[in-house]
Amino acid sequence: MVISKCKHTEVFYFKTQKISRSLLSPGVLRNRLASLCTQTPHPSPAPFSLCPSCPAALSSCSLLFCRPTAPKHRGMSGENVTKVSTFILVGFPTALGLQYLLFLLFLFTYLFVLVENLAIILTVWSSASLRRPMYYFLSSMSFLEIWYVSDITPKMLEGFLLQRKCISFVGCMTQLYFFSSLVCTECVLLASMAYDRYVAICHPLRYHVLMTPGLCLQLVGFSFVSGFTISMIKVYFISSVTFCGSNILNHFFCDISPILKLACTDFSTAELVDFILAFIILVFPLLATVLSYGHITLAVLCIPSATGRWRAFSTCASHLTVVTIFYMAMIFTYVRPQAIDSRSSNKLISAVYTVVTPIINPLIYCLRNKEFKDELKKALGLGQTSY
């Protein structure tokens with residue numbers, strides 16, 4: 001029998017293999033649990049109850065017991081309810097052996113993302129020939145990708161290796177804040193990069209006059225400030241909602257939709273604020289990106305030679321690919337109809353833009369960029385650029 005943090009937590013996991021061997025009845029099991037946690041011979045089993053909302057995937061490998069320890073509040077129906085102070089991240093419930101394989105997979109992915117994005121940042125800032133607006137934005141995007149994986153992946157790895165699924169309310173809100181901030185920041189940053197491509201193709205002779213280092217710094221700073229400020233407002237309203245009853249988050253990190261589903265008080269205000277701010281930070285940058293590429297398309301079509309059109313389009317193909325992947329994942333996860341909603345597919349799509357996208361974005365930007373590859377080789381001491 002394995003007991004984790006008996007005194008100050010709500011959740012206890014019991015391995016079913018050992019429970020099945022002892023053939024304990026539910027009443028005897030609750031008495032023994034209470035005896036171990038309170039260090040009294042036969043305490044009353046009343047505070048303990050089997051959570052009825054446990055997912056089938058969890059109940060197949062463990063029994064989940066909840067113990068109310070937090071202050072009581074009034075629910076939507078007026079009854080006294082216990083406020084949740086700890087959440088359980090279901091993650092990807094599988095057999096224990098597969099959990100270790102997932103740990104190795106995500107650990108390798110995390111390290112790979114750190115290495116490739118740090119390599120991009122160091123190469124851009126150590127090479128004088130790459131100190132141009134496009135590469136400033138690229139290094140900022142790499143910095144953003146490092147934050148992405150560092151906000152979510154370490155907790156995932158802990159769950160896979162140590163089976164620690166619990167996360168405190170403060171920890172959950174903190175993770176949600178940084179995740180939401182990074183998503184909002186990436187929206188604005190992608191729009192800034194689209195504007196950079198628009199100036200490069202539509203106004204090539206004035207590019208260095210319009211896209212100065214000062215303007216690049218302002219665009220990057222505005223992306224981070226707007227993203228983190230809007231997310232601060234969103235998370236404030238979400239954290240003000242009372243959570244009680246079930247504390248099971250059927251996700252591998254704290255996302256807005258799974259959290260609000262656990263609310264036991266009216267959360268219409270938080271939902272409205274989230275919708276309005278999400279509309280502002282997602283739709284307006286997307287509109288700016290579409291307008292930029294609309295002008296780019298018209299400018300490319302005016303180029304007389306096919307070779308010139310291809311060269312002009314290839315300069316923004318990488319960015320257009322990243323924008324398409326990002327917004328497709330956002331729309332499929334948050335905008336699709338409720339009728340086709342699936343929590344398992346939500347987790348898979350979320351894994352795409354939180355773990356997989358930080359891997360492929362640097363590859364998309366850099367693999368076809370000969371100038372960057374040459375500078376990277378020089379930075380790593382693997383060869384000299386031949387002109």
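Each residue, glycine too, has its Cβ placed from N, Cα and C.
Annotated features, as they stand in TrEMBL:
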TRANSMEM  87-113  transmembrane segment
DOMAIN    116-365  domain 'G-protein coupled receptors family 1 profile'
TRANSMEM  133-149  transmembrane segment
TRANSMEM  169-195  transmembrane segment
TRANSMEM  207-228  transmembrane segment
TRANSMEM  275-303  transmembrane segment
TRANSMEM  315-336  transmembrane segment
TRANSMEM  348-367  transmembrane segment
- Other parts of the chain folded back onto the transmembrane segment (315-336), taken as Cβ under 8 Å at six or more residues beyond its ends: 183, 186, 190, 193-194, 197, 200-201, 257, 278, 282, 286, 289, 293, 296, 346, 349-350, 352-353, 357, 360-361, 364-365, 368-369
- Residue numbers, six or more beyond the limits of the transmembrane segment (169-195), whose CB comes under 8 Å of its CB atoms: 84-87, 134, 137, 140-141, 144, 147-148, 151-152, 155, 219-220, 222-224, 226-228, 230-232, 234-235, 238-239, 243, 249, 253-256, 259, 281-282, 285-286, 288-289, 292-293, 316, 319, 322-323, 326, 330, 354
- Using a Cβ-Cβ cut-off of under 8 Å, list the residues of the same chain that are 6+ residues beyond the ends of the transmembrane segment (348-367) and lie near it. 106, 109-110, 112-113, 116-117, 120, 138, 141-142, 145-146, 148-149, 152-153, 179, 251-253, 255, 318-319, 321-322, 325-326, 329-330, 332-333, 373, 376
- What average pLDDT does the predicted model assign to the domain 'G-protein coupled receptors family 1 profile' (116-365)? 87
